[in-house]
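S.K.: What follows is a structure written as structure tokens; I'll ask about it next.
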């Protein structure tokens, strides 16, 4: 391989370098700009960062005040029924994702996978920005939901009970999320179009572009067998299975933790306010950001991926089993223990999800990775849609059995979360699990 411009900067040039760009094609304009521009595309990165942050906010901002919103709507006839209805609210978000993810993955493979917004040497920076933006969403979302819900009660000097934020106490956090979403939508104006749009009359079959399309299209289709071959790719499907099971446990935990923390102590809860829950979730999100930047890279280098998943699953078991005993604490000790436990749980979960994504990418060729991602997100979203509903039902049932002789109260809830963890752990061993090694 030659060096770009002979400058010795170590950047490889492709064997087939594009020599002609279609003037009216947005994809060609972007590729031409990437060929000539050496700097980091800060504008595009900032826009993508904002969009990704906004995608995590709706569900994360909901959990701190969901219990109180269901209570104040007077849907539940008894306090013990609040968790039942809260579970279905949490499930509805993931149901929408499940219905569309596979379609978007197929569309991305056919129309938007090959072009990128930045040069290859900056792709690692782009991926780290995406990961950090999700962590930022885990901080900002709970903070918005926890601190801005019921503003007339929390900040009577600023918000009156007679006006809109007093009459609709959960409107302000939703309004803030919507404003940020509009800002993200506007920022898309600065995102360049990546799709190639060529006039067929001027399209030459002898061009390098045609050769690239032929190689990446027909050969990939022959080698991969198309979208339906994903279902016979056992390394991929086994990784997706593990991914779905741990995602189910993660969302069920997120639902249960918020409901458990705000429920009254006579029902085995902590009697937290929405602000308390928002603070715990925001602090654990901050720890998660630090963990992703400073700790996870070293851990990932030292431990084999699937071994890392097994280790975090095993460590999760005693952690979840300890939650019901936190009700014996109070004051600073309670805050310290809850924040530490929540931070550890989130770091275990993000480790598992990151490794599962690596395993899924290793199991498929480059040309089908978006379709594989769409399939995994669809199946994962189905599990995530089921998780809050089931968790809410179990939580409501547990609230009614505080004096049971076996697994009383919330001991039952966290036992079920551990049961889901054990099932996921078992699926990381053969013959259920197969490791892929496709590199393209």
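For all residues, glycine too, the Cβ spot is worked out from N, Cα and C.
OK, TrEMBL features for this one:
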TRANSMEM  47-70  transmembrane segment
TRANSMEM  82-104  transmembrane segment
TRANSMEM  125-148  transmembrane segment
TRANSMEM  168-191  transmembrane segment
TRANSMEM  240-262  transmembrane segment
TRANSMEM  277-296  transmembrane segment
TRANSMEM  308-326  transmembrane segment
TRANSMEM  377-399  transmembrane segment
TRANSMEM  411-434  transmembrane segment
S.K.: For the transmembrane segment (82-104) against the transmembrane segment (411-434), do we get 3 or more Cβ-Cβ pairs below 8 Å once near-sequence pairs (under 6 apart) are dropped?
M.R.: no
S.K.: Counting a contact as 3 or more Cβ pairs under 8 Å, with residues at least 6 apart in sequence, do the transmembrane segment (377-399) and the transmembrane segment (47-70) touch?
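M.R.: When sequence-distant Cβ pairs are counted, the transmembrane segment (47-70) does not touch the transmembrane segment (377-399), since fewer than 3 lie under 8 Å.
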S.K.: So if I exclude everything within five residues of the ends of the transmembrane segment (277-296), which remaining residues of that chain have a CB under 8 angstroms from its CBs? That is, six or more out.
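M.R.: Residues packing against the transmembrane segment (277-296) from afar: 60, 63-64, 131-132, 135-147, 258, 261-262, 335, 338-339, 342-343, 345-347, 350-351, 354.
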S.K.: Cβ under 8 Å, sequence separation of at least 6 from the ends of the transmembrane segment (308-326): give me the contacting residues as numbers and ranges.
M.R.: 242, 246, 253, 260, 268, 270, 299-300, 334, 337-338, 341, 344-345, 348-349, 351-352, 355-356, 409-411, 414-415, 417-418, 421-422, 424-425, 428
S.K.: Take the C-beta pairs under 8 A between the transmembrane segment (47-70) and each of 168-191, 240-262, 411-434. Which stretch has the highest count?
M.R.: 168-191
